Amino acid sequence: MSFDCDKKSPSSTCAPVIVALDYEDQKSALDFAQLIDPSSCRLKIGKEMFTRFGPQFVTQLQQQGFDIFLDLKFHDIPNTVARAVAAAADLGVWMVNVHASGGSRMMRAAKESLRSFGKEAPLLTAVTVLTSMDQSDLTELGINLTPAEQAERLALLAKACGLDGVVCSAHEATRFKQVCGDDFLLVTPGIRPAGSEVGDQRRVMTPEQAIVAGVDYMVIGRPITRSENPLETLQQINRSIQGVVQHG
């Protein structure tokens, strides 16, 4: 088992950890980025920080050498999503995502919008079932499937539309690799080092467990960003992952 640099898009690191920058102010996020070596992780910018600080915030972090996962989960009519995904590509982000529940026409339009970017296109992934959701949440929405069943259904749809992978729970990873293939990328939130608080994630795994399950990229936020020593915490996580990879 080994992590190779992703050949699907330009990248400055082979590290599987994506740190979620869930800060309320820009200075704290930039201060954190100053502590971290861009070769040790990628950074995720979500809706709150992008709405507050805009595209220039993405550019600032890129200028420090970081690959950016722009986690905006686009979900709209096909043309609107296609244009939004193309705008993200113009920013030079490493990865951008959409909601698979937007359907095949929307996902195909998003993929097509990246054609002109060629090898410079970002990875395009789809969100399946949010890791904060459980059976009761799906039932409330009129979906009579388990989270795992619904996630698999959406993952297969995303693959059929030509997307590079999905954002999913680590608990679905082993099954998704079986049905979607090893080249289909799996990005997993809900990753918590042993001893961390679960927070608002309901389906969680440790980094070591995620690697064994077949995860390609793992999103970790508060256990790193709110640690007393974020740099040391990130280094410990990377060491633990490398230990599994070397002995896997």
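Note that Cβ sites are derived from N, Cα and C of the backbone, with glycine treated the same way.
Swiss-Prot annotations:
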- D22, K44, 71-80, T131, R192, Q201, 221-222: substrate binding site (BINDING)
- K73: active site, proton donor (ACT_SITE)
Taking the Cβ of P78 (substrate binding site) as the centre, how many other Cβ atoms fall within a 10 Å radius?
18
Please report the number of other Cβ atoms within 10 Å of the Cβ of H75 (substrate binding site).
17
Mapped DSSP class for T131 (substrate binding site), helix or strand or coil:
coil
Can you see whether DSSP assigns P78 (substrate binding site) to helix, strand or coil?
helix
Could you tell me which three-state DSSP class L72 (substrate binding site) falls into?
strand
Can you tell me how many other Cβ atoms are located within 10 Å of the Cβ belonging to T131 (substrate binding site)?
26
So, three-state DSSP: helix, strand or coil for G221 (substrate binding site)?
coil
Assigned element (helix, strand, coil) containing D22 (substrate binding site), judged by DSSP:
coil
Relative to the Cβ position of G221 (substrate binding site), how many further Cβ atoms are located within 10 Å?
20
